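Copied over from TrEMBL, here are the features:
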type     : residues : note
TRANSMEM : 189-211  : transmembrane segment
TRANSMEM : 255-280  : transmembrane segment
TRANSMEM : 292-314  : transmembrane segment
TRANSMEM : 326-350  : transmembrane segment
TRANSMEM : 356-378  : transmembrane segment
TRANSMEM : 413-435  : transmembrane segment
TRANSMEM : 447-473  : transmembrane segment
TRANSMEM : 485-504  : transmembrane segment
TRANSMEM : 516-533  : transmembrane segment
């Protein structure tokens, strides 16, 4: 900024403190606008439009390094309707958010006295702005001027601006919003260490099981080959060697199966890339940039989905590959957009700023049809041609072998339920931090932790599914594809159950809008996580 240049105070949203996602336009409450009218228009990005950021000009006249003494900028004529609106807002702990030079500022609308009969509105915004050279590095808001809400009176709204020199560097101006004591708490480090020990233990266990038992199995099978035919017919063969003629039989419902596998590979690629980008760039400093990045990366990684889904479908001998490509491409977008569409109806009913504008919906649909689908097609064609030929080491028998009776804990359903416990155990403390940064007012910035947890989750999931598959094949059950996918994907069920615990014991959310928002998007998050693990 040059000296005396205009500094814009944008009003964003107002809403109940306990419901972070339930926000309304600032001027939906009967606040009044300052006298300054003309302002150049402000354009929002896709991420901001989806997150319900609605910046409106406050009308306050602020100039760079120009102090303003307490000045009345407008007055509210308090009739009964307006008083009721303010009283409702104060009862529900409404607070509002503003931006100066992209720095967020929060203020509370008002407060009630102890016995809850009289309500007071804060009428005086006292801004202290810190500057370093010609840049704004720090903004503080103090609310003063408590005025009792009495019907049919006029309330004068005032503001003052004080500029002071600050030593904060422009690059570090967001550091005061971060909460190191919360995110870099000993428990956080301890949980990572804990998960890490579990990984070492699991990898050791798996390698031991596989090395020892497989060596035993090989010894047994080679001994049986030395016997003559007569003994072999009488011998009791058992174990995984029995199903060698069935183990490469295509899975049931190969179309859905390969679409899920393709989508899971894509979600994994997106998570990896977005976390790496977030570690390099501080995405939390700009509104909506995290969401915009994720959408862009998701669209760009569509060939991954097509490649893995299409090649698997071809190897399983699938014929309807175009249908598979469509299902694979639109599985995740349809799930996310379907949930968003449902919640949007509630948001429109509430007149909330989270209601997604029609133009933004069209933009997202265009991304799906004109970016994701063609790239998916490219990936599918590549996958079918490069690795679409079945190259199994032994041929599949013409007649499927009957599956013998087995103990109840070897049934696929039980294996699936137990498979998700360990992966969930390795991530659930990180889930707490991620949930808190999304549903409460913390900025998540420790992406190094998230990267470690993702790596740990991968290793744990791989180990668990190897063991599950080994047990299943040893029980001479060759339906391993869905079992191995679902025994990892069942992590999603545990994460969703944890989100119920989190809702009731860690948050104070209330109201239809916030509750449906919470459980709707938690379901999307859990499902995506499950598909990725699977």
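Even glycines carry a Cβ here, placed using N, Cα and C.
For the transmembrane segment (255-280), same-chain residues at least 6 beyond its ends with a Cβ under 8 Å from one of its own Cβ atoms are 290, 293-294, 297-298, 301-302, 304-310, 312-313, 316, 318, 320, 323-324, 327-328, 331-332, 447-448, 450-451, 454, 481-482, 485, 528, 531-534. Residues of the same chain lying 6 or more positions beyond the ends of the transmembrane segment (447-473) and with a Cβ under 8 Å from any Cβ of it are 183, 188, 192, 195-196, 198-199, 202-203, 205-206, 209-210, 213, 240, 243, 247, 271-272, 275-276, 278-279, 410, 412, 415, 419, 422-423, 426-427, 430, 433-434, 479-480, 483-484, 487-488, 491, 533.
Residues 46, 49-50, 52, 295, 298-300, 302-303, 305-306, 325-326, 328-330, 333, 337, 340, 344, 347 of the same chain, all 6+ positions outside the transmembrane segment (356-378), place their C-beta atoms under 8 angstroms from a C-beta of that stretch. The transmembrane segment (485-504) makes no contact with the transmembrane segment (189-211), as judged by fewer than three Cβ pairs under 8 Å among residues 6 or more apart in sequence.
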